[in-house]
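Report on one structure; see the data block that follows.
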Amino acid sequence: MLISYNWLKEYVNVEISPSELADKITKSGIEVEMVESLNKGISGVVVGYVKECIQHPNADKLRVCKVDIGQGEVSQIVCGAPNVAEGQKVAVAVPGAVLPGNFKIKKAKLRGEESLGMICSLQELGVDTKLVPKEYSSGIFVMPSDAEPGSDALEYLNLNDHVLELGLTPNRADCLNVLGVAYEVAAILEQDAKLPDTSITASEEKAEDFISVSIESLEDNPYYGAMIIRDVKIGPSPLWMQNRLMASGIRPINNIVDITNYVLLEYGQPLHAFDYNRLGSKEIVVRRAAEGEQIQTLDDQNRSLKDTHLVITNGKEPIAVAGVMGGATSEVQNDTTNVLLEAAYFASSRVRAASKDLGLRSEASSRYEKGIDRNRVYAAAKRAAGLMAELAGGKVADGIVEAGKREVNMYSVKMDVSRMNNLLGTTITSEQTAAIFDRLGFSYKESNGIFEVVVPTRRPDITIEADLIEEVGRIYGYDRIPTTYLLSEARPGGLTASQAKRREIRKYLEGAGLYQAVTYALTTPEKSTHFSYTEDAVYPISVAHPMSEERSTLRMSLLPQLLEVLQYNQNRSMEDLAVYEMGSVFINRQEVLNDLPEEYVFVSGAVTGVFNEHLWQGERKTVDFYVLKGILEGLMSELNLSERITYESGEIENMHPGRTAVVKLDGIPVGLVGQLHPALQKEMDLKDTYVFELNATSLIEAETDQMVYQTLPRYPSITRDIALVVDQDLPAGDLFTVIQAAGGELLKEVNLFDLYQGEKMEEGKKSLAFSLKYFDPERTLTDEEVVTAHNRVLKSLEEHFGAQLRK
Amino acid sequence: MKDRLEALKVEAIEKINESHDLKDLQAVKVAYLGKKGPITEVLKGMGKLSAEERPVIGAYANEVRDSIQLELEKKQTELENAAITEKLAKETIDVSLPGRPVKQGNAHPLTAVVTEIEDLFLSMGFTIAEGPEVETDYYNFEALNLPKGHPARDMQDSFFITEDILLRTQTSPVQARTMEKHEGQGPVKIISPGKVYRRDNDDATHSHQFMQIEGLVVDQNVRLSDLKGVLETFAKKMFGEDRKIRLRPSFFPFTEPSVEMDISCFKCSGKGCSICKQTGWIEILGAGMVHPNVLEMAGFDSKKYTGFAFGMGPERIAMLKYGIDDIRHFYANDIRFLKQFKNA
Ligand SMILES: [Zn+2]
């Protein structure tokens, strides 16, 4: 909402500067987002009188004017505007003047003719083109004939004004008009708000002889009033009104339309002027539109209506969409003489439906949507009719023809001063409270600290005690509320076990060299299903109205987005990358989403390029499967899950079929680790990329024993190494399992320390060397015990895999 | 004989001093103190001496032997030290060469900011509550005093999935769920950090996905002045001890009264600069006293219990703290951007 400072001053006495005022308004509840000076750096622009205007001898498009700029001084000014003419009062920038953009005016010679200054258009004076009245949009602005040559043109054009831009929250729709802001400012400055003059001198004619009004549903349209103004003369509205409209962001059109807009801004009451002679009947009927019913609106668009829309009809066909836009047939035109002025209260739901469906949002519709003051409708109608008489020479027919109830009763809300002080932490007295209600213009009764406040209809946001407490608090001043500390007992805060573990996982991965990424949860429908390692049927979850296909469907894996992160960085010449993300994925097993989907926290990583590097020592290790598996093994050890995790080769969509493992917890899949499928790498233009993805929720929920301290070994351990020859395709993991099982209690550690699969081996065979560590924490082992256990291991290996000791 | 021993001693010490390495020294040792050495020879001839002379010469011979031994040891230590020094000299490396890098990643700046804020509130006795990112209309709106058709729903254009299920537009549904779990019994003292979603076009200041941290305290006798106390502690810890705070009235459907909190600008300390848009104040968060309807809907008696709630945007705080000019940086994950937050 744009509020002209000068206009505001008409209703409330303001003796402080616009910026001081803005500061006070902001502090007591309505944020003033900006204070804009309409003077954008102008000086030296005066009113001039064009005494003579002749064709430039050397230029078709230029005129040479003799302009009286006051005190009898006449300057020659060359002007290129097509509409400059003898007898006009114009704005002249004299030599030495400055225009917006620090544009300095100097004496000049234009095609051989001397020019002492410049005749200005409104645009040249800093007015936005879209606000300039159409007839002046491509030429100079012509001022009223009573303007005094030589006087300050900015005063005439109200360009010394300031505009306050209010950022209104939805509860303060009462400040969507100058009067509402005046009440607010009056409360802040402890002044009284003055109301505009709404008196009218009615003619002999009776409005009811010209029109009848009926409403089909009082729920859709609780009140409709029509006034008749006869014999108006269409023309421009006075400059002061045009100036205020432009300052408020509205372009002047003609006196009748300008008056409806002016009163809209002043009272917040949307009004519409119909050309009475073009109504096509003598009745107004307000009803729902029929489905598919047509209307041509003011903007000459043909619009198809729905039965949720409300229309104003002449008894036969729609002549306006209620609260949204008038129809073209009954539009006020230059030859209009009789006006029907509509002042109505439409239900916000009806206006919202039509405005949304038709894509039409206007100053009027948005006010109806946010709610207007029911008890101000009639006053606004009188104000507008009075102005039409005054400024357009109209005769106001007696009375207002109406349907529905003109006014509603006000209700009251109770407030207990002691409860207010308990809620705010203050010690405000009843007397102070009463004074604040006085300032707000709320009437009340008080007894024993209980106030019964009658809420004015302009403040429908106040319905409960807390609303009144806020009113008192904000006018009292939040800076006067003390700072205190919670009285409640102190309890220790702390992370839950799950929260602590998630932090631990993040710390671990960062310590392992991965950078944390945060990506979007919405992706494409295709990508949403990538990297699924479960067998269950899942259904992608798409939002109903996405901003784009790219961000339409919830992710079931973090990997597609992490791969985009790699792509993004590779495109910027960063080749060696290691990133991880921890975030929610959304799994839906319902064909139709009735219940909330399952949400899991996943932790996933993507690594490409060199992982370890120390160039001058010749070390340069590119990431491979085992780098990532090592990171996961470390993580599982951190989570105390190492012994319950297995890695089994598996085929997963988009993963390299020979370089991928499904990670299982107690035999149930909880993730994957491996290389991206080369086809996908190629498609995404990625170098060799290794990824992992784990269901962190499952890992964290897996019960783990509390860590128990193990006494340090006091007895020596005995280590035996074995080198085995086995079939090439036998997974080493199987050997580990068998060794561990056969070794029994005493076998405490098994390490693989060599893998050979070269030319020295028999075809189809490979050699693996393990180191086995036996010990008993309670005593020294005998050679015999170790030999027995070790022989068991060798025997078992032979039985299971035909494994031979390498000679 | 004594003269002979004396000569041997002088001769041996001379040889010792001439030794250049441990091998030379060993040779000297064998030559003079060995079983076949001259001193042994001399001692063998002692039989020819008189009974008076014998102990005297014997003692003297031992003396000579001891002093040669002593010299030998001295020289040996000296030579050994020299050898070590020489060896160490050969082992010298160029300490100015770069070390082997230790791979180390770091947290995303948003996580860093969220963690800092979490820790701050944990230290004030809050716990962290969490909830789903896909929510029901009830918890996201209705339980928060935003019934269907409420104009304030327009403030948050939402990603609906079905008529009743949507991506949460705020973390407040976590508050509603937490209060409900308390079954009308206080105290509730939580913060709820998390991701939220709104139908916005992504640009320098808007993101369809962003983070929020909200806080909620419900108990008997919770006052707006207590909210001021908590927020002041937060502002000072987060932005510096000499920060001042200012509450301005505002509007949120789930709080009444509602306030907006500004902090005095940490860049210019209130004089006015580009960060605070010349006002000296920076808007940090929204807050207020929990609306009685919200308390009642969650099963609390609003005559007995009061509460306050606050909410802030980690993106905004990170942007202010680190001077980041475009919200999209957080979600592009440019590694050169991420790496800058090593010490955050
Ligand atoms: Zn500043």
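Cβ from N, Cα, C; glycine included.
Taken from TrEMBL, the feature Mg(2+) binding site applies to A:ASP461, A:ASP467, A:GLU470, A:GLU471. What TrEMBL lists as domain 'TRNA-binding' is A:39-154. If you look up TrEMBL, you'll see A:408-483 marked as domain 'B5'. The feature domain 'FDX-ACB' is assigned by TrEMBL to A:713-806.
The Cβ neighbour count for A:ASP467 (Mg(2+) binding site), using a 10 Å radius and every protein chain shown, is 19. Least crowded of the binding-site residues (A:ASP461, A:GLU470, A:GLU471), judged by neighbouring Cβ atoms within 10 Å of its own Cβ: A:ASP461.
In the three-state DSSP reading, A:ASP461 (Mg(2+) binding site) counts as coil.
Mapped onto DSSP classes, the domain 'B5' (A:408-483) shows 34 helix, 15 strand, 27 coil. Across the domain 'FDX-ACB' (A:713-806), DSSP assigns 31 helix, 34 strand, 29 coil. Summarised by DSSP class, the composition of the domain 'TRNA-binding' (A:39-154) is 11 helix, 49 strand, 56 coil.
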